[in-house]
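J.: The feature active site, proton acceptor is assigned by Swiss-Prot to Asp180, with similarity to another entry given as support. Positions annotated as ATP binding site by Swiss-Prot, on the basis of similarity to another entry: Leu67, Gly68, Lys69, Gly70, Ala71, Phe72, Gly73, Ser74, Val75, Lys90. If you look up Swiss-Prot, you'll see 1-10, 1315-1324 marked as compositional bias 'Low complexity'. Taken from Swiss-Prot, the feature compositional bias 'Pro residues' covers 11-22. The annotation compositional bias 'Basic and acidic residues' is assigned in Swiss-Prot to 36-47. According to Swiss-Prot, the feature compositional bias 'Polar residues' maps to 369-379, 1218-1244, 1273-1290. Sequence annotations record features per position, and here Swiss-Prot assigns compositional bias 'Basic residues' to 1207-1217. What Swiss-Prot lists as domain 'Protein kinase' is 61-308. Per Swiss-Prot, region 'Disordered' is recorded for 1-47, 336-396, 441-486, 552-591, 1201-1342.
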Amino acid sequence: MVSRSSEGAEGPPPSAPKPPNTPAKSRLSRLGSSPSKREDKSRDDRMIKSSAKDVAELKDYQLGDCLGKGAFGSVYRALNWNTGETVAVKQIKLADLPKSELRLEIDLLKNLDHPNIVKYQGFVKSAETLNIILEYCENGSLHSIAKNFGRFPENLVGLYMSQVLHGLLYLHEQGVIHRDIKGANILTTKEGLVKLADFGVASRTTGLSESSVVGTPYWMAPEVIELSGATTASDIWSLGCTVIELLEGKPPYYNMQPMPALFRIVNDDHPPLPQGASPAVKDFLMQCFQKDPNLRVSARKLLKHPWIVNARRSDSVVPKSSTEYEEAVRSVQEWNEALRSPSAGTLRRPVKHDQSPIPVPPTRHTPTKDTLPSPVSRNVTDRFRSPVPTEEEEDNWDDDFATAISPSALQLPHLRPHDNFGGMLSSEKLKAFASLDGTMIKSDDSFGDSDSSFGSSRRSDEPDPLETIRPYPLKQPTAESTQLQELPRSQINKTSMASMHHVPILTQNPTPPTKQPRPASYYKENSIEDYSDLIQANEDVLDSKLGAFQEADENVDPFESSPSKEAIRNRASAEDVMGQQPQLRKQISVKRHRSAVEIQRFAENERDEDFSDLLGTDEVMIDQPESDGSSDQSTLMLNSKLSNNSWLGDQDDEDDPFAQLEEGLDEMDLEANIARDKHARLRNQVEGLVSSLKTSQDEDVLAEISEQLLTVFCDFPETKNIIISAHGMLPILEILDMCRRRDITSCLLKIVNAIIYNDYEIQENLCFVGGIPIINEFASKKYPREIRLEAAAFVQQMYQTSTLTLQMFVSAGGLNVLVEFLEDDYEDERDLVLIGVNGIWSVFELQGSTPKNDFCRILSRNSVLDPLSLVLSRVLDEDGELAEIVEGRIANIFFIFSQAENHVKEMVAERTVLHRVLKELRRMTPAHQITMLKFIKNLSMLSTTLDSLQNSNAIDVLTDLLRATMKRPHFREVSNQILNTIYNMCRLNKSRQEDAALNGIVPLLQKIVKTERPLKEFALPILCDMAHSGKVGRRELWRNKGLAFYISLLSDPYWQVTALDAIFTWLQEETAKVEEHLLDHRPDRPSFTDSIVRCLTISKANAFENLLEPLQKLLRLSPPIASTLARPDLFTRIGQKLHHSKAAVRLNLLRIISSICDSSEEQGGLLAKYGLLDAIRELEHDPAILVRDMAGKLIQSNEKSEAYGMGKRKPMVRRRSTSATPPNLLANQSAPSTPQMNRTSQSKAYYEGKEGSRHPRNALSGSALALRPGSRDGSTPSLTAGLNGSTGASRTRLPRGVSNRMSHVDLLSEEDSARPSSSLSRRQSVLHRRRRQTQADADWTP
């Protein structure tokens, strides 16, 4: 309670003053305020002091300076004149608080005694204030220390948390829930002790019921926010938040407003943990942040956590010296000095190592518990430095890059289409001139799972384009060659491998056995191109080098063929070089220096026909078994027929390799020449056109050239490779960038689109040279439709081919182009709009490294959902499969946006968009309707979007949709999303709850609860929250028999606690009406009393504990209802649970017994009647102080009841009144028992004769009813006025002959001013006779 006042201001908390003579603080105060401000402040302090000294009842104390101010009072330093002790006095205005509850709690909690708890020494009550006398903690709160000196180191936080846990453990064992653990409520002393303050009364001094969510939410547990009630586990959650507060300087979610913070606490798995926290601290916090309070660890278990144990081990909790506070402050100062130092980002210092230096990773700002000092420096910051990680812990990023990038990816830049020299003699062209013997094998253009460097590279058994096949003069074979022809092919392969492995390949970076970091130059393309990386060092190499070419592919990839150096030098033709062509073209100035050595080994030399260097020696070949090469296709075939298909070869001929050399040679040459001549002319024409594409050309000439080039390309698509090899893409892009003639632009865009179609490598090349922004420019609305369509086709290729092109397209502003397409008129530019929709959908569908959230953020800046919602409306007007596909894609885009970060959700939650989407919900197909409902549901999970949803009539539309889909097959999926959305919107908001009630949600929910079992769990929370809404919502509940529905829920073990809490809340708001219905017994429905008794009887362990709190509040609020529970079956159940292991359960059971006894005619005699007297007497020796006190008062009540002769009592008379308040409630029982308890027989006879024959109540009756909360609805008759002593329309019923009468005249006069005249006249005489006596009762001190 000491620090409660600190919530109202940023100053130090109440009993947490700043150290008076600290130089640093005085300097800060001098620097932070001007002389005039200091004078004003001192004047204000003097005024506060003077007003505080006016309290005459504080006769034994001299008030000093004000320690802190809050919303409900102020805290002063005070001196006890009798003992000389310094104390803290907290003054609370009675007008703001329920005095009866304060009185009882303080009376009970002042008996608590523990070193880690601020001692309550008593209180003094005046006419206007309640003065609570507390132990004075001279060093202030942990919050003030953190505010003045900075963040705490982990070891100091662990030491403090150990003491806090000891205090919490004591409180929990006494049945007290702190409810407000935070740094401002943890006070420190000079001895280094920390003490808990503001416990037990914290939730009540705010004047709020447990169902209210008001105030600073950052320390609240999820179950408190969800109105499930505070438990001891709630303190553990708050303790975790306090740890973060001390380590970080701020609690979790401090950068948010209260309502968003509440949503994050409930929805997140756990609050964000400090980034620099050690593993031990993070584990401790995760134990505190268990969402389920039943799984959350207790304070006793947390005391055994390694972090707390180590803290206690390093520094004992027992105070050692008076300088411990200064040491703690110095530790905090040194820690924050280390954080602010220039090397704060690199606190880890590398230790000198025998090996190469270890890269130092970025460090955390918070040390681990294993911090080690540096061996070099002994500065103050060294004690907080993290240890240097070992070699095993170091991250080698070079290894990551070495393994993440495949060799095939790195070698791709060496394979370019222009290396194929046009590809004119493709297999399709040559098919007319040559017959193909053998099997066609389809090559794969994509990356596969094989070990080859490139997916489309030749297979090991395919013909090798690097080998030169040429006829030799007929010659008698030598013995060696004859033997070679007789050996299997596999033996030749294996014997030749030894020579292959020793051939040097001139590469800049030979591949080592293990992956090593590669220099940047490795990724650059060399001007001297090399194909040596395609050579595979395995047995199949020679198969491809020396074998006959039986298998040819119709669709051979352009990258398959590359001419050898020897072939280029000896060709006389100007034709293209392809893997399928019969001859090689003339020498071309293309060099292959790096692979020359490797290829030269396979080139034939007229002067050297010895193959021993390739095939090995005879001895090696003899060692090979024949079975290794038994296949016909694997034998060595150099005796190919060079007639029609000589370049293809025939692997079935094994005899003389040159036997039929001259056969059909002239015929083949004639047909091949025709094909070569045709393609040569075509190539020359295309190369000439490309070379004429210059920006200096006249536009008319450019128009003619571009048109001719387009015509040739359309007739012969294979000219694509010629354009690429002639480097035609760059001239085309230059002209597109400079020229603005539409015909030229249109032709060139068509050529570009045809070249890049489904060729990701060419697309990447185009992106690398800056083609995307140039072509994206033509998507603008200022260009004609034809050009825009071509630009749209280019855009489509960019976003749907590969991840790399997509990333480059987005980086070049491509998403803006897609949004611009969406903004076109759907009627006129339907194709462009659909390209935009499909483009955005494809962006999200591609599985790349860029998160979808980033795309959402980029697109949300352009308000993409606004035009997209318009497109949705137009698409829904159409029929057909295409319209349904587009509808589904739009719905998926909306859904993806709702899964993005909160900033994106806030940007897309525009009223116009939401209104349009909600309007079209009814027209969408069921599957897409559910997807769009998920979009709305996800938006409703963010508090900042709820107003936009409400303004878009979301509740109205969703309620109508729920009603319309009740009979449809997809009702369960639709209602699941709708109910979640309505629950998120109506939660903690009365206006939206009333809006939903007015739209008829209550009967729909009741129907769902009765018929749909799985959906019941979604509907019941909304229904139970309706009791917390305003008059409109409760009126709808009355209309639909909501109270009877709540009573029926008491039989459901999973919802009985929520239902009882709803009934109690409704009773608070409309006490008389609800009480009348609860007491109304009808044969056609179960009574409330029977339901309560059955509920307590059948409830399980956890449900039983949670039922007690709202039940005892309800009985305290309504004595007539409490009197109906004086039943043997209920008392039997209570008797079984009186010895429960938890002190809080025992205490609540005793409070329930007290409320029932007080409302009954027999009062304390019920204990003996139902056999609870012995059990309660045993509880007088309970270890929990509060349980002992309550049990003792019940025993006193029983004894007094026996003394007054309970059997002679007259029945209780209920007086008529115009007030809606139940007539047997006490007017005000805020005063404790006074020496005038036992009044004279004459005064007792006077009361009994005038106002009834009831026997006097004991002190317990006043105590029990003093805890009765008031109604929050000021417009309806409530109990607040009577209980708080303020004016109101309520009328209370005084017990006849009550022993503890009204405490002072002020409260009586306030109550009588609110009474009807008849009641007032009957009381005036009594008031005059008892004025002196009530004046003497003004002190609360027992």
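Including glycine, each Cβ sits where the backbone N, Cα and C put it.
Describe the structural context of these features.
T.: The Cβ neighbour count for Asp180 (active site, proton acceptor), using a 10 Å radius and every protein chain shown, is 29.
All protein chains shown were included, and the count of other CB atoms within 10 Å of the CB of Val75 (ATP binding site) stands at 30.
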J.: Could you check the binding-site residues Leu67, Lys69, Gly73 and say which one's CB has the fewest neighbouring CB atoms inside 10 Å?
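T.: Output over binding-site residues Leu67, Lys69, Gly73: least Cβ neighbours within 10 Å is Lys69.
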J.: Compute the C-alpha separation of Gly73 (ATP binding site) from Asp180 (active site, proton acceptor), stating it in Å without decimals.
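T.: Just about 17 Å between their Cα atoms.
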J.: How many Å separate the Cα atoms of Lys69 (ATP binding site) and Asp180 (active site, proton acceptor)?
T.: 18
J.: To the nearest Å, how far is the Cα of Val75 (ATP binding site) from the Cα of Asp180 (active site, proton acceptor)?
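T.: Computed Cα spacing between Val75 (ATP binding site) and Asp180 (active site, proton acceptor) is 18 Å.
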J.: Could you give the Cα-Cα distance between Asp180 (active site, proton acceptor) and Leu67 (ATP binding site), in whole Å?
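T.: Asp180 (active site, proton acceptor) and Leu67 (ATP binding site) have their Cα atoms 20 Å apart.
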J.: Using DSSP reduced to three states, classify Lys69 (ATP binding site) as helix, strand or coil.
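T.: Strand, per DSSP.
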